[in-house]
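Quick look at what TrEMBL lists:
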- 96-112: transmembrane segment (TRANSMEM)
- 97-486: domain 'SLC26A/SulP transporter' (DOMAIN)
- 118-142: transmembrane segment (TRANSMEM)
- 195-215: transmembrane segment (TRANSMEM)
- 268-288: transmembrane segment (TRANSMEM)
- 300-321: transmembrane segment (TRANSMEM)
- 357-376: transmembrane segment (TRANSMEM)
- 426-449: transmembrane segment (TRANSMEM)
Amino acid sequence: MSHRAIHCTLSIQHDSSCHSHEERDKMSASVAVYRDIYTEDRFRQTYGTEDQSRGRERLRDRLAQRCSCSQVDCLHLLKKRLPVCSWLPKYKIKKWLLGDIIAGLTVGIVHIPQGMAFALLTSVAPVYGLYTSFFPVVLYMLFGTGHHVSTGTFAVLSLMTGSVVEQLVPIPLGLNSSSPEGAELEAQRIGVASAVAFLSGIMMLCMCGLQLGFLSTYLSEPIVKAFTSAAAFHVTVSQLQSMLGLRLPRYAGVFSLFKTLASVMENVPHTNLAELVISLLCLAVLVPVKEVNSHFRERLSTPIPMEIITVIIATGITYAFSLDSKYDIQIVGHIPAGFPEPRLPALETVPEIAGDTVAITLVAYAVSVSLAMIYADKHGYSIDPNQELLAHGISNTVSSLFTCFPNSATLATTNILESAGGHTQLAGLFTSLVVLIVLLLIGPLFYFLPKAVLACINVTSLRQMFLLFQDLPDLWRISKIDFVCFNLLSFPEKYL
């Protein structure tokens, strides 16, 4: 093999102040370097191209990094996927604990009537709303990254899930819910609602696995507001029959809003006057108190829990005067005490609910991540959108095994949690304790609670959603496109 010799002079340089010119010449040396002569093709065969070499090195490094499992990496992964391990050791007891206790208890008190009320929107028994107000709260406390996010039942998801339930398991008018046939239909209904929650959770987990959390960057605020505003129309109309004491079928599908309105107008002469009076009294109390809570939120240490006060008073009056038997008032009925037994949802309905579940999943993700971002920006911390997908995915999947319907972050309770002084997810622990006490001990006492009261709670909880229309003039000046999107998406029949 031929070699080429390369001669070069190796000079050892020193400071000129120490050595003369002659001394530097003597210290110079010649070095001969021999190497093989390569053609371009032979060099590529031996060593490959620079890009290939770098590509192989990058691939090896990447695989080695992914396959390595050091103690530091395991700890980092644990803190990333189970955020409670990250913030709990740094918890400031003296600074944060009191605020978390007060905020958690306040939100727990609100969860009780709201959970039962939103269960009616889902077309299931009120006790399932209590279950959905317990399990997701505990799970999000462990896996969520939003310090001020409160999860549980949400009117928008309840309404959309209720439409699916009504389509698949309609209940004939006049059927006694305490009869064997009524109990069987009720079991089928919660099976469908739980199947929607299970499939929604699986979809979120898949989105997390595909790292689709970046989609939150493209969520336009007007679009989210339009969805929630449209839901407010449907929720209000769907609750009219309960507020008037009418026994009417619940419509689903195209033009369901107008069908429900027409049915209510036709049956107005059959209004139950006792339930109408109860509804008017509840609205006369709830609306002013909500305005007081809104206008004086900075002065009030905790919002006035008028919902639970109204529930307690209405239940006591109905029981004391036997209003259910004397005036044929619709009441909640039996609420079993204790935990539900774990069971699989009605998975055989998955092909029929898949299309609606996609919409429910996107709405749940949009609302949850938007709320988390709003309060994270306000308090100067960041959230992980992919971890939020994981948290809500686990929350829906696991809770569906305990007869819960779809859940997400909620507007009202998140606002209460933040305004009441909550600092971390630990507030969820105290919220779940309140709901747990109701489930184990107090639940059966709500037997005589009028459904009209729950309907009023549903309607008054939508006050903020209706107020979103006040933003339209400013939106028109800022962006004509967002203005058009808001109006198109908030048109009621878009929320079928």
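Cβ atoms are placed via backbone N, Cα and C, with glycine included.
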Interface check, the transmembrane segment (96-112) with the transmembrane segment (268-288), three or more C-beta pairs under 8 A: no
Interface-richest range of 300-321, 357-376, 426-449 toward the transmembrane segment (268-288), CB pairs under 8 Å: 300-321
Criterion met for the transmembrane segment (118-142) and the transmembrane segment (300-321) (at least three Cβ pairs under 8 Å): no
Averaged pLDDT, computed only over the residues in the domain 'SLC26A/SulP transporter' (97-486): 86
Long-range neighbours of the transmembrane segment (426-449), counting only residues six or more past its ends (CB under 8 A): 88, 91, 96-97, 99-101, 103-105, 107-109, 111-112, 115-116, 126-127, 130-131, 133-134, 137-138, 140-141, 150-151, 311, 314-315, 318-319, 324, 331-339, 417
